[in-house]
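Have a look at the structure below, then the notes.
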């Protein structure tokens, strides 16, 4: 419960930061502002820090439920629950972390509702579920740094395309 509470507090902090960006940077365009959610901005320094915090938020939204499900996995091997019960437990662990991730991404639609934002929301959701699926279904252990690397690569691609 402590991890969920801390993550939700981090979500609120990120949401407040994203709301406050236009008031601090009056000259920022809607296009550059919406690229904060998916890409990487390097100028000015405060925008760069918000961009890095957003990247870290995306990374944590994947890693924390992954670690919780790994701790539950040993119990499921012993008790052998039904598929329905396993899916219920999995959703109970995933949703408190995926919903804030999705809300942050959907907030970009209120700012700059174009087709490129829709595409990047879809790419972000697919990336999140693909990384989550890969991390749970492979027989080998994948280090957390690999997923951070994937998130960084996708952010760089988004920065180049925005």
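Placed from the backbone N, Cα and C atoms, the Cβ positions cover glycine too.
Feature annotation from TrEMBL assigns transmembrane segment to 7-25, 45-65, 86-104, 110-134, 141-161.
Touching of the transmembrane segment (141-161) and the transmembrane segment (45-65) is concluded from the presence of at least three CB pairs under 8 A, sequence neighbours closer than 6 excluded. Among residues of the same chain six or more beyond the transmembrane segment (110-134), those with a C-beta under 8 A of the stretch's C-beta atoms are 30-31, 33-34, 37-38, 58, 61-62, 65-66, 94, 98, 101-102, 142, 147, 150-151, 154, 158, 161-162. Packing against the transmembrane segment (45-65) from elsewhere in the chain are residues 3, 7, 10-11, 14, 17-18, 21, 24-25, 28, 36-37, 39, 93-94, 96-98, 100-101, 104, 124, 128, 131-132, 135, 144, 147-148, 151-152, 155: each is 6 or more residues past its ends and has a CB under 8 Å from a CB in it.
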